[in-house]
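Novice: Structure incoming, see below.
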């Protein structure tokens, strides 16, 4: 969506224009400056202002001259015009020709003619022989690039008097960066707020240098929702990350470096060499052992729902593979499946994985991401803590094998109290939320405020809770060095990276 800012001469008494409207309206250059002033941006002399009443309106209304309806192709199908009147008040005009939408953000009486006229125009236009119908606009595809080029050419010819900017994603924009118009086009920061439907614009070339906060009647999120699937918003800085490249960036925010949640499949792809992954116990599913009663949704239905949503059978994936050529056994929990909660199936799969690693003398990695024990399975889920810990004891103490625990955000509850903290080496991701009880539970139980950041990985690291904080982009190399340090080497020495 393109945004235009005009220092328009609009008042409550009459609509006025910055230049003579008797000029040709073949382009947006109709809104221009023909005075020859050295500074067209701040030139507000009376000789350049013509009242609507000075224009012959026998054929067209005032609105015709303001928007150049005879050549409506000068507007693309989705434009927002940001306008300031000479009293200093600001408002926006939103025009969407394709969807027949015309809105003004302030219900001012002197704008009623404008809104009612254009609404009528959009609703009643027809392919008749009238001066309102623009055949070029409706009969052919007027491309974005052609629109940008024609606008810039028009602006250069008429030395347009625009206060700030045109902001677009056109590739052709850079081709004009050294031209005359570049002095009137500047980079602006438009901060969208999906909650309030408002945006803030800083006009760096404004005469008073002030900020204008303009609230529209429409919601920007609704207007741009067809583009939302292209972006992922950071939970920390709220910056946008292009979804197509986000996976290759290991779900790390490009703006602030925050580590967002990853699916278990993505983590396996990150850690395991291509073509070496061999999953275990994929057909193991829960059968609602205690027939948990729920008024909202039966436990079985909820399991089925998450299976369809994630493509997984349970909240953990286990299997064997190679990490830089080193054979390993690995289990990866997935928070997207019922919050990574540990039920009987999760406990059984991890226990079998540890036993397989014990029998095969393989190094073991478990990536934790869990809210704790699964309440829908009652004491059976709590029993998994002891069950996994028992298998881990045999693996570590009796067989003297090497177990690395990786704590990601969040790792809480029964997972923290059992195998999450039993690793020979415990690694945490940056800014990971690691705790036994959550902040809300502690505050409600003890009636005390939990200090901000006291359950973050960095705070726990300084208290000695685990061994290292390793970013995702370095994790595979760190693990490879740890395994080799403990006597686990690649099957093929050429696999070392």
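Just so it is clear, glycine is given a Cβ too, placed from its N, Cα and C backbone atoms.
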Novice: Under Swiss-Prot, which of the candidate ranges 188-210, 211-233, 234-256, 257-279 is annotated zinc finger?
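Specialist: The listed stretch tagged zinc finger in Swiss-Prot is 234-256.
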Novice: For residue 256 (Zn(2+) binding site), list the number of other Cβ atoms lying within 10 Å of its Cβ atom.
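Specialist: I count 13 other Cβ atoms within 10 Å of it.
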Novice: Tell me the Cβ contacts of residue 237 (Zn(2+) binding site) under 8 Å, same chain only and six or more apart in sequence, or just say none.
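Specialist: Sequence-distant Cβ neighbours: 253, 255, 256, 258.
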Novice: Quick one: DSSP breakdown of the zinc finger (234-256) into helix, strand and coil?
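Specialist: Within the zinc finger (234-256) the tally stands at 4 helix, 4 strand, 15 coil.
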Novice: Among the binding-site residues listed here, 234, 253, which has the most company in the form of other Cβ atoms within 10 Å of its Cβ?
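Specialist: Of 234, 253, the one with the most crowded Cβ is 253.
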